[in-house]
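Written below as structure tokens is the structure these notes are about.
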Amino acid sequence: MFKKALFILSLCPSFALAQSYVVYDFTHNRVLESHASDSIQPIASVTKLMTANVFLENNKNPNCRIAITKEDTDRIKGTGTKLPKNIPISCNELLKAMLVHSDNYAAHALSRAAGISRRQFIKKMNEKAHQLGMYSTRFHDSSGLSSYNISSPMDLVKLAKYSLNKSDIKRLSNLSATYIQAGKQKLYIKNTNKLVRDEIFDAAVNKTGYIQESGYNLVFINKHRCKNATIGVISLNNTSSAYRSSFTKSKLEKFGCTALNGRTIRDVAGEAQYEDGYDEVGFNTLIQKLSK
């Protein structure tokens, strides 16, 4: 079993897995602080920011609806979904599930819902990256489950800045929790980012990401100005969800951002239940399948 696990990991692309980050002033377009900010690493569910942009720009049907099917199953990491299968769901609700709760099945369904094929959708994601000058970025799927979805903190600055132009992304980024209407079901979901979920900071743009190959990632732009500037922190390959939260908070505060009502980070022990993407359960499931 252990040898099989090592074999699986050997199939993943090789990257310099160390934390990289940039603290960026989006008002004056300047780097405030950084470390290895051009380092290329897997970005996991941060991918969904590009998925949202491409969907919003290509979907021409305001009443778009699509069902989650077998086609949307996670065959890479073995993650599940709260969303019911084979029931038409509003694309607006799927967008909410994807950006707030980082639902992978919703991301896959949205890549089929914009009137183009999934392959064409991924092509448009890569074309948009090139258009934005994200030359170190590549996308292989719409969810970020593939470890071949790669980027750098500086490339992600460009995606984050572009996302500020999308009112839907800005609105959904800052939802601490919400309901998803799926047929007759009403599903309660929470934000995968503790800083937003616990209302420590308000977000203008916010997307977490995690697979084992990437570590814990975050693109976060503070909603409120910090000393007359809009400040964002983008970090890849943090060692844990708790560290990602505390690191982001410390950098925001260092450059003049204030936590809402002086709030602090608490109760980090239960963080894993909110994390998106590739978890240990999914990894063990994958090993078991390949060992048969």
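Placed from the backbone N, Cα and C atoms, the Cβ positions cover glycine too.
Annotated features in Swiss-Prot:
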{"type": "ACT_SITE", "residues": "Ser45", "note": "active site, acyl-ester intermediate"}
{"type": "ACT_SITE", "residues": "Lys48", "note": "active site, proton acceptor"}
{"type": "ACT_SITE", "residues": "Ser102", "note": "active site"}
{"type": "BINDING", "residues": "Lys207", "note": "substrate binding site"}
{"type": "SIGNAL", "residues": "1-18", "note": "signal peptide"}
Minimum Cβ neighbour count within 10 Å among the recorded positions Lys48, Lys207: which residue?
Lys48
Other than its own, how many Cβ atoms are within 10 Å of the Cβ belonging to Ser102 (active site)?
29
Between the Cα atoms of the residue listed as 'active site, proton acceptor' and Ser102 (active site), find the distance and write it as a whole number of Å.
8
Over all shown protein chains, what is the count of other CB atoms within 10 A of the CB belonging to the residue listed as 'active site, acyl-ester intermediate'?
29
Could you state the whole-number distance in Å separating the C-alpha atoms of Lys207 (substrate binding site) and the residue listed as 'active site, acyl-ester intermediate'?
7
Coarse DSSP state, helix versus strand versus coil, of Lys207 (substrate binding site):
strand
Can you grab the distance from Ser102 (active site) over to Ser45 (active site, acyl-ester intermediate)? Cα atoms, rounded to a whole Å.
7
